[in-house]
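Feature list (source: Swiss-Prot):
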- 164-178: compositional bias 'Basic and acidic residues' (COMPBIAS)
- 189-202: compositional bias 'Low complexity' (COMPBIAS)
- 210-221: compositional bias 'Basic residues' (COMPBIAS)
- 222-251: compositional bias 'Basic and acidic residues' (COMPBIAS)
- 259-305: compositional bias 'Basic and acidic residues' (COMPBIAS)
- 306-317: compositional bias 'Basic residues' (COMPBIAS)
- 321-332: compositional bias 'Basic and acidic residues' (COMPBIAS)
- 355-366: compositional bias 'Basic and acidic residues' (COMPBIAS)
- 383-398: compositional bias 'Basic and acidic residues' (COMPBIAS)
- 399-425: compositional bias 'Low complexity' (COMPBIAS)
- 57-100: domain 'CWF21' (DOMAIN)
- 109-131: region 'Disordered' (REGION)
- 161-425: region 'Disordered' (REGION)
Amino acid sequence: MYNGIGLQTARGSGTNGYVQSNLSHLMQARRKIEYNGEDDLRKMEAELNRKPNEEIMDHNRKRQIEVKCTEFEMLLEDKGLDDEDIERKVGEYRKNLLKQLESGELNVDEELSTKESHARRRAAANNRDKMRNALGLGEDYVPGSSMAKMNKSDVVGAAMESELPQKDDKEKLLETLRLHRKSKKKQESSSSSSSSSSSSESSSEDEKHRKDRKKKEKKQKLKEMEKRREKLRQKERELLAVSDKVKKEEPAESSDEEDSRKDQRKPREDRRRSVERQDQREDRRDRRRSPEDPRERRRSPEDRTVRRRSPERRRQQRSPSVERRKSPQRRDERRRRHDSSENERRSTATASKKSRMDELEVKQEPPSDSEDYIAKTNLAPIRVEKSAEKVEKSRKSSSESSSGSSDSDSSSDSSSSSDSSSDSE
């Protein structure tokens, strides 16, 4: 189904559902729609050349006259005249305006508004009349009438006729050129035989004249170059003489004045790197050094981590605790810690392990009355040092005692539960 045509489903129809055109139906020939045909053009021309209604135009002109009469009446009222005098004068003014309009002295068409269709048509007609008068066309002329009389065959024939005289003119010019060339060739052939001997002599003379001219030109150029060099040398000599005179006239005190001026000049700052500044920078770097790998220290400050970098403002706004860390004592302690060798670390690790083992080796006996008394009186336990054999025996006994204590704890719990039940009864 396509655009509402055909079956919704091909099921049960015995077909594939393909919609095929009815080839037995005869299609009527479609008429071509002629846009901007002759009828349309005539209608458009009629609308453009439509003349305004003169009755409506006269009515609008009279309205403009009444507007002028009302304005005149308002002026008389402002002056304070009577109603009878005002009516009489306004009536006379109206009659004069109507007479001028009929005679053509008064033109009110310019005052009419262009919003009205008749006023616009009137203005368009006036413009067309001006154009017709400028081109010298009569009032009976219809635009396009001259082309309607011409046929296509006439147009083609006129064009061909205009091209024929041009072709004839071209052929005539070509013939005249050919004749002129032939006459030239004949003259050259006749004169060549007579002037062959004279031409050889003239050619040799021409070569001599050319060589003489070149030699003269070279000599003139060399003379000009020598003159310029002499002028430059004279100028140099004059300048040297003037400089010698100035040196002789100058007093000997000028050297002293120059020395005094040099002394008065302010000493310029030496912008080169001083040794003191470099020492200060090295001291700062030593202070900033932190426990890091040497690879991290060798890197440039841009490649280091963010924690490694710290701007100057943050350094200035640090708390006093940070200043304590910067103290030389703390710095030495850090260096000792991180510069210690592996043997010291191992020794400290073994010592810590031994201390832990000794703490575990303290005798763990079951609580008794004496221990309760010690706990109440806050007396510290006594540490007993034993040999390796005694330590193994004590471990075995502690394991046995722990198993026995667990059994005794279970029995004591059962007895305590039975006692509590009897008490409750």
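Placement of Cβ uses the backbone N, Cα and C atoms for every residue, glycine included.
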Average pLDDT across the domain 'CWF21' (57-100), rounded to a whole number: 88
Helix, strand and coil counts within the domain 'CWF21' (57-100) (DSSP): 41 helix, 0 strand, 3 coil
DSSP helix/strand/coil residue counts for the region 'Disordered' (109-131): 18 helix, 0 strand, 5 coil
